[in-house]
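Pulled from Swiss-Prot:
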LIPID     Cys180  S-palmitoyl cysteine
LIPID     Lys182  N6-palmitoyl lysine
LIPID     Lys184  N6-palmitoyl lysine
LIPID     Lys185  N6-palmitoyl lysine
LIPID     Cys186  S-farnesyl cysteine
MOD_RES   Met1  N-acetylmethionine
MOD_RES   Thr2  N-acetylthreonine
MOD_RES   Cys186  cysteine methyl ester
MOTIF     32-40  motif 'Effector region'
Amino acid sequence: MTEYKLVVVGAGGVGKSALTIQLIQNHFVDEYDPTIEDSYRKQVVIDGETCLLDILDTAGQEEYSAMRDQYMRTGEGFLCVFAINNTKSFEDIHHYREQIKRVKDSEDVPMVLVGNKCDLPSRTVDTKQAQDLARSYGIPFIETSAKTRQRVEDAFYTLVREIRQYRLKKISKEEKTPGCVKIKKCIIM
């Protein structure tokens, strides 16, 4: 069974835990309890492949920012979550993305941009703004509602598909790299 290490990042109060718990337990948590760090595991079937999702739900509060580098090192893919009714959380996405790229030392890291709380009428972030940002990053964008469960699975499963593509690209790049010839040596004593 293939394991995928997913990390959910974003500002405090955007619904990272609500999305994760909705996926894992089919339950909406409506009281806000700031997360320090929670880990969840769930076995699912995506495109006919049985997968084990290892999901790290992270702290959005700035006082826990020192912990970010550590979980960013171990994560394979990142759900970058903002709330559609919180412009600041949308603006913060750039900071999270840059930090992920720095820690991973790569421009090419599997990510999905997630606009959560799409069930709310009080939108301050336009869908087109988010689509344009995702397009500029070269990543998918999905609007979700942890409350109604709208596209929650889709967000996580899309990230798994992004990781799969990344893994395949990495393997094919390694196979094409010249100079990867094993040199055999003899030691004469």
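Even glycines carry a Cβ here, placed using N, Cα and C.
DSSP classifies the residue listed as 'N-acetylmethionine' as coil under the three-state reduction. The C-beta environment of Met1 (N-acetylmethionine), restricted to residues of the same chain at least 6 apart in sequence and closer than 8 Å, consists of Gln43, Thr50, Cys51, Leu52.
Neighbours of the residue listed as 'N-acetylthreonine', defined as other CB atoms within 10 A of its CB across all chains, total 12. The predicted model assigns the motif 'Effector region' (32-40) a mean pLDDT of 72.
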